[in-house]
Amino acid sequence: MRLSRSQESEGDREARLSASRERVALSRESETFTERESRLSSQRTRTATLRSQESIEEREVRLSAARESNALSLQSETFTERESRLSSQRTRTAALRSQESIAEREVRLSADRERHALSRESETFTERESRLSSQRTRTMTLRSQESIAEREVRLSADRERHALSRESETLTERESRLSSQRTRTMTLRSQESIVEREVRMSADRERHALTRVRDFHRKGIALKFAKNSDHDFAFSRKRRGP
């Protein structure tokens, strides 16, 4: 006689869930590609139907539970499991983005920008520092692996993007950017040691010296060109006569 789920003991519940997981795993191992696609399609349809009917409170409860479940899952996963998950995620994302239209892409990018803006508005100082630290680590890792050609392409693209960004920015945006830049610079300089300060100032002097040499060289060429032009003009007039 089967017990109702409200009456089963903890041991019975664990045994039932374990058997259910094994049954599902065996079923998915033997399913064909078509069966898998059909199952996932039905699952997405059911999920969409249920979510369209849930109230705001139910949605918040579901999202909160999903975040907790994801956090626990990510904490317990091994390095190999994490790499496998991220690789599958990148593959799915690339496949979806290759199929989207220009309009869909614009909608996605717009939604991403809004979500990022809201996320950054609500993040704490510690969360921001953690995010920036992880971002710097990833960037340094990627840059340490790039070839000279890849580095040149990246720097060229960065320069073009910065130039376009600064051309289109408003006066307020420019002031905000420069203010943030000054604040970051002052913060960094207040934390540097005497040795770091000397190294920075030495590099600054070298950079300024090179800039002035280049400027002087360019001005010298321009002046020489102007003098030659005047000389050629005077010589041609002399040959033509008054």
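Glycine is treated like the rest: Cβ placed from N, Cα and C.
Here is what TrEMBL records for this protein:
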- 1-39: compositional bias 'Basic and acidic residues' (COMPBIAS)
- 43-53: compositional bias 'Polar residues' (COMPBIAS)
- 86-99: compositional bias 'Polar residues' (COMPBIAS)
- 114-131: compositional bias 'Basic and acidic residues' (COMPBIAS)
- 159-177: compositional bias 'Basic and acidic residues' (COMPBIAS)
- 1-99: region 'Disordered' (REGION)
- 114-133: region 'Disordered' (REGION)
- 159-179: region 'Disordered' (REGION)
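Counted with DSSP, the compositional bias 'Polar residues' (43-53) comes out as 11 helix, 0 strand, 0 coil. Sorting each residue of the compositional bias 'Basic and acidic residues' (159-177) by its DSSP state yields 17 helix, 0 strand, 2 coil.
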